[in-house]
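Undergrad: Have a look at this one before I ask anything.
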Amino acid sequence: MPGLETTAGGVSLDNVSEVLCIIFGILGLFGNGLVLVVMVRIRSLRTITNLFIANQSIIDFLSSIFLLILLYKPPVFDYSDWEINGWTMFVCKIWQSQYIFWSLMSASTTNLILLTLERWIAVVFPIVYRNRVTWKRATVIVFVPWIYGFVFELYWQGVHHVVDGVCSPSFRNQSLKIFTGICVFLAKLIMPVLIMLGAYISILQRIRPQLIKGEVTTTTRSARFLTTATNSAKAINFDIGEPTIPKTDRDAIPTTNRDVESGIKCNTFPRAYSDITSSQTTHQERIRLNILKTLFLVTVVYILCWSPALFDFLIYNLGAGRHTLRGSLHRFFVVLIFVNIWSNPVIYTFKYRRFQDGLRKTFCIFRKKSKVASHKC
């Protein structure tokens, strides 16, 4: 994906672009930095899901830095008097092409996909998630987006060449240009959208009964909890033991799926068992649903921010008309991508309840350290 090129447009356009780059860069630094501080300070947020969220914030934090360095005022050099050597190629291909920035953006996209798949496995295959998805494995997987991002974007620095004293993208032939445009469009928009939307559709089908019924009754929650616990115990060959239930109610405990269904219809589950499980189950369901809503909103914002620029880049590579990457419309589309850098922390703040709680605790810790209102912490 190309960077923000120098254009022959009006000065006002350049000024607007520069101001937006500064604003978005500062918002990205502050927002993602705040997310990282909260994740580090609050131990209850150190989960596998939040590990990927923290990785997303690290990537976007660094992207904000390079946004301010590279794209506030795009570097322009006159290579007419430069000797064509390794240093010249480095400046052109790595720095002026903004290879590092776009590699980070590709890493951000890949991490968002992994974050979605992590939630998909947790909801659709809970036993597999519990047995296979460990903190150690997740720590290794978070490096995958970084590797993929910098490897995938090698094509962009590869097509940059110094021609007539100017460093600019130049394809050897039209077929290669078309092939590159299609691959980038598929890799950065079509494939991520299909994977993420497919995962959310599968998740929705899994939790659809809860969404249709709204609030699940205590009896139904107890039955679902007992069925899941029994099946999980069988799958992992673990003895869950016998719950402490009055002797008069022990005969009412279902032992098969048919008994569970009968218990739901006839409301014959012991009250003691319901009281033990209902509160915890309801809390977990709410947490899971809140995380899913938050991440789905993150996915929607990604699609809205990236789609215009990627369609525009595809049209450019297909060679439709006299389309270039130097027009004001393309500049607007590229600036729209930058919104995605700082939008995620905003979404977490307003939608992710566990992050909201962590944010309150974090500021409470700061007040406690300054001995102001410490009794409230």
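Cβ coordinates are placed from backbone N, Cα and C, and glycine is handled just like the others.
So TrEMBL lists these for the protein:
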TRANSMEM  20-40  transmembrane segment
DOMAIN    31-348  domain 'G-protein coupled receptors family 1 profile'
TRANSMEM  52-72  transmembrane segment
TRANSMEM  99-117  transmembrane segment
TRANSMEM  138-158  transmembrane segment
TRANSMEM  178-203  transmembrane segment
TRANSMEM  295-316  transmembrane segment
TRANSMEM  328-350  transmembrane segment
Undergrad: Tally Cβ pairs under 8 Å between the transmembrane segment (99-117) and each listed stretch (20-40, 178-203, 295-316, 328-350), then give the stretch with the top tally.
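TA: Per the Cβ count, the answer is 178-203.
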Undergrad: Using Cβ atoms and a strict cutoff of less than 8 Å, what residues sit near the transmembrane segment (295-316) while being 6 or more residues removed from its termini?
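TA: Apart from its flanks, the transmembrane segment (295-316) reaches 1-2, 109, 112, 115-116, 119, 181-182, 184-185, 188-189, 192-193, 196-197, 200, 323-325, 329-330, 333-334, 336-337, 339-340, 343-344, 347, 351.
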Undergrad: What mean pLDDT score does the domain 'G-protein coupled receptors family 1 profile' (31-348) have in the model?
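TA: Taking every residue in the domain 'G-protein coupled receptors family 1 profile' (31-348) and averaging pLDDT yields 78.
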